[in-house]
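To start, the structure under review is shown below, and the notes come after it.
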């Protein structure tokens, strides 16, 4: 009971929550941000370790020596490619066949949703070539994939050469237990997606492709290789996949161990890993890497071809060869050896990679932050919303009860709260409208695209933007309708109730997003929580407007762009950033056509950044590359973080700069178009977030034009709150609101405890190893919270035990009294005990007493169960009297032949052995 | 014999026939001692149950461990009919094996323990806790062929060797089930009660191996383990060509020790206890002898690892006591 049912304590708690709400909120928010920043520091970052037994060490011998062949093939490939102007499929086919692979091709075509102006394409077609190396002595049930994407930007000739050389080398080995697929795709990710869809026989993007003629088994892991130079200075690893999915950490660990073994320089996000974690510099550098990863993951875009594999539950990563101005360079043999080692170890794998983490953040290649450690960051942020909700809840009750108590004194039965009735009735309309807005943003732009192009002289991309603008225009009506509904009867309580529901909804949505894509969830929470917590219908309007503009998704996106480039040490000027922002917002849309497509190509090779080859990672270049793929163009490009559209009635509309208002619909377009095909979760989340943001900000939008000074200030009424609390908040247990508060408090408590438990569980789940013994778990019917033992079954079970099982299995530590009240009454149990004792039951100490006829009836219930051994005991008892009823089958003094079992039908227990000992002793020294 | 003869020859010219007589009586007493020694182990046949409980390619070393012991006991004379060999996986035919049809226990392919005449009695999925316990206790379906049975009797010395992944108080079978130390102890007790062994040597090479024998309570069991509770047993012999570790440290050194043993060796159990000190094993091998009746220094390695028929030629007449007493003492001791 305690905390919640004790009125005094509860009142104290409520007062604490109410009085300290603003400081607590600020503290919680600061704690969340601080926790996030602390993630890069050693107590929270841990060294990575290999969890998978099968890949435990790098103990394989890499024999790859085909560097010269690889370079030769790379040269040939580049020449043929130049000649053909596309992927030289026929040449590739010949080359793969010459090294002994089973070769197949797959052609595909896809109409892009928008014409890609950067590459002047609309209908995209291409050919994938893949060769299968069959495992010599195993069935084709599992396979590994080595893939090289060939696009117009990155030719990856050297990667193709290395792939062929590795294929030739692998062909000569006999230890393969999995088929290996060597895949060269055209049109970058488009080809990869076409091949994956055909391989798994699904079609989620409307791709037309020829069916695959050859298959290997289920794909266990994949490695994508991007390499355009003969020598590299370092290898960069990309892990972020579609919608922020990540491969199992063990795959990264595996690659990293082979990097270490081969002495290769490996980077993450283009950053070298810091050597010194004890000082501040190392973790600070780790923090930069971590932030880059967060931005990359939050964008939801795959950071390489591997990102598409992740959707099919194939663990995959992309390895990029980078050639910069470092002194030490590695040739293709070194890269090939690392890949050989990785594949050899993957070949040893027996199950899917599942031991290590699937949710993690990486401050460096050899350090990680597990989900149990990073979730508190977002938890603290969401706690702000929880506290606000609690405050609103209490204020609502206070407002409802106050006048009533002042008028007629305490009522015997708590009447229906006016606040609740008003709130619930008025909440439905704005919530429904907000949801409808989200749905419209999700569906309409793409549906409307075709209609618009048919009826109006606009292009597809323009159509999407225009549709979105139309939806936003329609959304302008939302605040007013909300205001009318809300302020019809009880203005204060109305907006409070609406805000309460919206805040809870927002918290739930953010929590869900943060669970699947922490980066997106955290960035959304960081920006939306302050606005959601502070927003109220009145107050210093310019301040709120500024805040809302600053925390709107558009501003977040812009800020993220600058942060991104800052972290990559290629800082943007304001103008550059603005151009980038426009391109990120809506690629190819007429509104942003002013942005020159190639105007500001990323400046290559900035000092500390790894190389010019890394340029494709920089947002600018990726934005340019992005639109070629429908997914690229659908997802907001680059570190375009959150495809969350600004809600109707947001302050962006009133902001002095018109551009965010233009950009955000484009973002919405991105989200909407994305959601229609393939249905990536990001889009759904974004839409959900948009709709709920509409719900949250709706009341504020409603309040602002009203400009009334009525109602309660959320954050700024500290001075006046305690007065009201003391006089109006009845906290006795019999009053109506207390129950609600109790539910609220207990729900919060459970939420917090559950969150902590979840964090601990998630953190420790993966450390399960061989050294734990798992007890069996049975679906007992009485296990439930509300279920109990079935007494008739117990009775039946006892009967069965008594008659059957007890002949072999003892239950020496259960007494008859244990049966009382469970399946027998006291009398029945006594009778039972007497009955059994009559046969010689009871404990060993009772035997003599029984023989002498001194058995007391009172002790009957205390006796232990003895069914099995009755005959033997009788024999023993009567031993001294000289008349031996030879009932016992064991009464044979001679030694048995060893083959004759003593008790054939039941396992011997220690109790049985005891009796056996008794028998033998009896025979050797008669009593 | 020799010791008994020497003083007699030296004393003959000095002492009279009385002395001779007295020395003769002393010699007769020694002969009796020797005869007692001759029959000291009290066993007439040897059996071995060798179990590898783990599957999967990366557990190559466990199969190699078991096959190494198999090789040793077979070399020292226990025939295949008296060996129950249980291998949970078939490494020789694993597609990942770069050297098909071999299992090596030393790196650089020095010793192939998967010779031409390995008779695996229980293989792959047949190696279960149930089957293992059934083999030990003899509760086997009547259709089971004799080669898969442990047909021991109360004059049998049994070597039980197990290896796999274990923890405190259990050993995993096949990555799917476990045998606990209590189950194992009960099985041994059942064997004792069913008079299925005379003496039993239990060796286990697994992490926290000592936990497996601490619950034993049946007589005449000597137990050895590769590591103490709380310790891991470590692997040895990494081979990059095969791509896995070939053996575990403890068994590797035991094998090295056994390779020096021949049927006439007088090496005793105390020597076996010294095998693989902590400096080599990294873990601390343990042993337990409190259940065992004889002094370990009187127990020859070949009492368990070999099937050695004792032959000693003497010209003296030995009047043997009827061995009833031994039997009696055995009966009276342990009931």
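Just so it is clear, glycine is given a Cβ too, placed from its N, Cα and C backbone atoms.
TrEMBL does not curate its annotations; it predicts them automatically.
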**OP:** From the ranges A:500-523, A:572-595, A:596-619, grab the one TrEMBL calls transmembrane segment.
**Re:** A:500-523
Original post:
Taking A:695-718, A:719-742, A:743-766, A:767-790 as the choices, which stretch does TrEMBL tie to transmembrane segment?
Top reply: A:743-766
Subject >> Which listed span TrEMBL calls transmembrane segment, if the choices are A:328-356, A:357-385, A:386-414 >> reply: A:357-385
**OP:** Choose the correct range: of A:20-41, A:42-63, which one does TrEMBL annotate as transmembrane segment? Give that range.
**Re:** A:20-41
Original post:
By the DSSP assignment reduced to helix, strand and coil, which category contains residue A:809 (heme c binding site)?
Top reply: coil
**OP:** Sort out for me which stretch, of A:20-41, A:500-523, A:543-564, has the most Cβ pairs below 8 angstroms to the transmembrane segment (A:357-385).
**Re:** A:20-41
Subject >> Neighbour count (Cβ, 10 Å) for residue A:808 (heme c binding site) >> reply: 15
Subject >> Chain residues outside the transmembrane segment (A:20-41) and at least six past its termini with a C-beta under 8 angstroms from it >> reply: 283-284, 286-287, 289-290, 361, 363, 369, 373-374, 376-381, 383-384, 387-388, 390-391, 522, 525-526, 529-530, 533, 715, 718
Original post:
Near residue A:805 (heme c binding site), how many other Cβ atoms are within 10 Å of its Cβ?
Top reply: 15
Subject >> Cβ neighbour count (within 10 Å, all chains shown) around residue A:809 (heme c binding site) >> reply: 15
